[in-house]
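Just below is one structure, and these are the notes that go with it.
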């Protein structure tokens, strides 16, 4: 067994506790169960106080001696056992891998423990909520995307990395960025800028915007993957740095901002550790067409999907503020959307030299 | 004008030459034209000698005074002018950005120079073949994916980066990796390992396979983007390192290998600088099920698309070798495919500790 760090010890202890409770019940002659918070929409709510999408208090008991629950009960322990092994060995793996690792044919039957990954994935989510551990703490990683540079030195798995000297490529953000793996050593950053598109990030890096403005720039290739979201949240909460989100002027861009800020309904149980309620929107606003003199021919017509999505967002409690209502209403009534790249019509460095500096100076953001 | 490096000077000179030839024709009272190699399938061929998919010799003249060609002629010069500006200013940008930069409404008409990006993209490809310059040399980048670590120190845009100390994340591979941006400083690598999946790459990095085996490991998140392919090609040709490709046992994995090795039909004009004919396939073979004792339940049934794709590949000239025919025939007749992750059934580090070391030791690869 590898020597475990504090986080891993805690996670392993939680898994043990879960198993011990079951064993005690069995010894007491009772039907063993695991208690799991319910992850359905009915148990998701918007917390006005925390400004987060979060899970409610409803819980479900999963019994072993119950025809409809027995298989899931067994699966829960297969997965938790595999995770405990991962945690104790100091290794991490993908949820796809975990599916293969835990897939067995049961005895002489033709029954498999799991038929497809869509059976093991929800069990992982169950375990995350039951243990109140992120899957990253269970040593499971998701797919990785994204890169980061800026005036900060980090430690990653024992290597000290100066993100001021990462050339055009940047440091590739891994999926697991928990504090046992990534530590922040020192920095001179004033804020964090999360950029939706890799192409726009490349512009900001090439123009050394991060150096001039003293900020950390990250991109997650569209909707940021878990690693990028969690890292932004850690940088924000541990280094007390404000977060600005730069996205397209379209419902998808607004949605990316929304997930970064409030969390998502699907992953409500993780909002506490993934979301940044104070995040500010510096993405292209529906009113920027006038403000930044964009010609008509760079507008893109919204399609039916865009319109439906935008109208949905009008109803989100966290978009209830008059400024956001006005913003979304303008998008819907104009029927037009704009990509960040449209700003290049004013020059390819317009976005780094004029657009964003002006937005920040005028405090012209949405919250 | 920024001071230009040698590569950029050469590219700018090529663009000028193209324009000057046109001007000469105009002054001579003739109908100006640009001559562009034809990129259609009919002009793509397999070169047995170079072992590459390459463009043939057919060329097309695009005239200015020709109703059907005038718009494209104008577009060609708009794009080449924008590229010249990029090259001279030392900036790079995305092809999406270039579309916006060159999109204008013509005079008082309602005509735009470009309506959609699908009009400007082919013009870029025309220009690449006409100038014999990669789009990266025209300072245009594609979307970026992928990461790299290994016993090598590189310089990227003036920063010296030690890829032996990149933690769990790695260096994010940029889209443009031409020698004016990326240089190889020193290395102790014995070979290059290109891994299809980011999750598998993470396993190899975590297990420090690259340190133990002295190799450079790269991943491109599925089908590698241009930056990763070009970088592998440069590492191979400049450092004389063999290239091994680790992909799934499915038609898609074979296709990824095929593109890395021979180039693709769509981008035949770039094979010379993107493909590595000597690349070796160490991906999961259709016969590895037996060799590595994989249980039946990790096999995945091929669907109709898989079968059609596999049969197409049987006809590729570069898969004509008996070993490849046998390989693909076995896949088709078994009707089963296997992911690399299936090896985790034998333990999550089986792939780094047993599978690949044995393959390399036994020289059990396909070429």
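Glycine too: its Cβ is placed from the backbone N, Cα and C atoms.
All annotation found in TrEMBL is predicted automatically rather than curated by experts.
Copied over from TrEMBL, here are the features:
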| type | residues | note |
| --- | --- | --- |
| DOMAIN | B:71-139 | domain 'Spo11/DNA topoisomerase VI subunit A N-terminal' |
| ACT_SITE | B:100 | active site, O-(5'-phospho-DNA)-tyrosine intermediate |
| DOMAIN | B:146-187 | domain 'Type II DNA topoisomerase VI subunit A all-beta' |
| DOMAIN | B:191-360 | domain 'Topoisomerase 6 subunit A/Spo11 TOPRIM' |
| BINDING | B:196, B:248 | Mg(2+) binding site |
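For the binding-site residues B:196, B:248, the greatest number of Cβ atoms within 10 Å around a candidate Cβ is found at B:196. Contacting chain A by the Cβ rule (under 8 Å between Cβ atoms), the recorded positions B:100, B:196, B:248 reduce to B:100. Here the domain 'Type II DNA topoisomerase VI subunit A all-beta' (B:146-187) is broken down by DSSP into helix, strand and coil counts: 0 helix, 20 strand, 22 coil. Non-local neighbours of the domain 'Type II DNA topoisomerase VI subunit A all-beta' (B:146-187) in the same chain are 5-8, 92, 134, 136-137, 139, 198, 201-202, 205-206, 210-211, 214-221, 224-228, 230-231, 234-235, 238-239; each lies 6+ residues outside the stretch with a CB under 8 Å from one of its CB atoms. The Cβ of residue B:100 (active site, O-(5'-phospho-DNA)-tyrosine intermediate) has 25 other Cβ atoms within 10 Å, all protein chains considered. The two recorded residues, residue B:248 (Mg(2+) binding site) and residue B:100 (active site, O-(5'-phospho-DNA)-tyrosine intermediate), show a Cα separation of 38 Å.
Counting in whole angstrom, residue B:196 (Mg(2+) binding site) lies 33 from residue B:100 (active site, O-(5'-phospho-DNA)-tyrosine intermediate) by their C-alpha atoms.
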